[in-house]
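Participant: Below is one structure. I have some questions about it.
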Amino acid sequence: MDLFGRFQEFITEVIGVVKGDKILLAVSGGRDSMLMARLFLELGYPCVIAHCNFALRGEASDLDESLVRTFAQENKVPFVVRRFETETFAQAQGISIQMAARALRYEWFEMLREEQGARWIAVAQHQNDHIETVLLNLTRGTGLRGLRGILPRRNRLIRPLLFLKAEEVTFYVDRLKVPYRDDESNFSTKYARNKIRLDIIPRFKEIVPDFEVAITQNISHFQEAYDLLQSFVKPLRKQLLVEKDGDYRIDRKLLQPYLANLPLLFEIFKPFGFSKAVLADLQKSVDGNPGKRFLSDTHEMLLDRNAIWMVRLTGASVEARSRDIHPEEQQLQFGGKDIHIRVEENLEVRAGAYQAQLDMDTLKFPLYFRFWKEGDYFYPLGMQGKKKLSDFFIQEKVALHKKKCIPILVDAAGHVVWIVGYRLDNRYKISESTKKVFTLVCK
């Protein structure tokens with residue numbers, strides 16, 4: 001079978017591309033992406049060529065752009081280019097140039113795919129890139145997932161050259177007279193991936209001449225092992241993690257049989273970013289007192305009385321607070337709620353957990369909203385004496401993971417005035433002697 005037949009078979013049978021699918025081609029100007037573009041165009045797929053100019057190599061970057069632009073014009077293919085301030089972005093984010101370029105291009109590609117009505121984003125990585133990725137992942141401790149290498153398809157991102165070796169790409173580029181430009185940075189061993197390609201793999205081939213064939217076979221075995229593991233873990237995860245109002249509830253009794261198996265726990269909670277160290281702490285603490293927290297970069301687990309709650313971190317903290325609220329204020333936002341404010345002389349009591357009517361003369365301005373913190377107390381309307389908010393939340397059966405997200409209105413002296421959705425403080429209620437009513441409505 002010739003190259004075009006092999007390419008068609010791979011994108012159809014392995015990736016799932018259908019004839020007529022519109023493809024956004026990510027073309028840098030290097031031999032890999034230029035060959036990929038040529039193959040898609042020869043087979044008649046509707047395409048858009050996208051080129052990123054990262055402005056990292058001076059005139060060379062502009063020459064890459066010029067080559068791709070000319071290729072698109074000669075083949076009458078829509079061409080879109082974007083220049084990025086890559087170094088500025090990297091410094092602002094505190095990341096490497098390579099990570100910055102990756103983040104910028106993939107974000108733009110997805111936006112462009114939607115704009116252009118393309119079904120797929122095609123990037124030109126081949127079999128050798130696949131091997132390099134696995135060797136690189138071995139040094140990063142990515143586990144079995146990382147040993148699968150590069151997948152032919154991930155959501156809308158496809159890699160249609162994974163069936164080709166690097167030397168095959170070079171052979172076909174020469175044979176088909178495909179124009180291209182070499183990126184000199186690909187030959188610098190100061191980058192880890194380049195060092196693996198230029199130094200490490202040749203050493204392996206000295207020991208095992210068929211190294212690339214052998215490791216490719218092993219990658220297939222790793223993929224099969226990973227798929228087998230996931231066929232067990234995914235149904236178990238679905239059974240244990242019950243979604244409720246955007247959060248997850250985990251029944252302690254259901255989790256108990258799996259607690260002793262740390263590797264299994266790690267796989268169950270892997271999508272939520274919990275490290276083995278954190279999960280080991282969970283193992284030791286799960287039978288302890290409610291209230292203990294376990295954090296990943298994206299989620300938080302909290303021990304409740306009969307369950308473990310897992311919630312996505314929103315960036316809110318006990319230190320978060322609204323801007324100051326003065327009597328003339330009309331509207332603000334806090335805790336995901338729109339808060340409308342008005343001052344009135346109407347003393348008619350209007351019921352509603354999300355509406356507060358306060359005696360304006362009892363308030364010490366400015367007021368502000370914040371979240372619950374340890375030690376908070378108030379004088380609940382309709383009850384005698386003061387009460388800790390933590391005890392009030394237990395009485396109201398508020399889940400541990402919910403209480404830290406409830407907006408609380410506080411006055412200038414730090415006194416709790418209103419727990420939104422639950423209760424007013426008795427000290428600020430309106431009475432027959434009230435002259436002006438300070439009303440807040442949360443929506």
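Any Cβ shown, glycine's included, is placed from N, Cα and C.
TrEMBL labels come from automatic prediction, so no person has curated them.
TrEMBL feature annotations, pasted as is:
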{"type": "BINDING", "residues": "Ser28, Gly29, Gly30, Arg31, Asp32, Ser33", "note": "ATP binding site"}
{"type": "DOMAIN", "residues": "367-440", "note": "domain 'Lysidine-tRNA(Ile) synthetase C-terminal'"}
Participant: How many neighbouring Cβ atoms, not counting its own, are there within 10 Å of the Cβ of Asp32 (ATP binding site)?
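Facilitator: Asp32 (ATP binding site) is surrounded by 22 other Cβ atoms within 10 Å.
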Participant: With helix taken as DSSP H, G or I, strand as E or B and everything else coil, how many residues of the domain 'Lysidine-tRNA(Ile) synthetase C-terminal' (367-440) land in each class?
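Facilitator: In the domain 'Lysidine-tRNA(Ile) synthetase C-terminal' (367-440), the DSSP-based counts are 14 helix, 24 strand, 36 coil.
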Participant: Inside 8 A of the center formed by the CB atoms of Ser28, Gly29, Gly30, Arg31, Asp32, Ser33, which other residues of the chain have their CB, for the recorded ATP site?
Facilitator: Val27, Met34, Leu35, Ala124, Tyr180, Arg181, Asp183
Participant: Can you tell me the three-state DSSP label for Gly29 (ATP binding site)?
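Facilitator: The residue in question, Gly29 (ATP binding site), is coil (DSSP, three-state).
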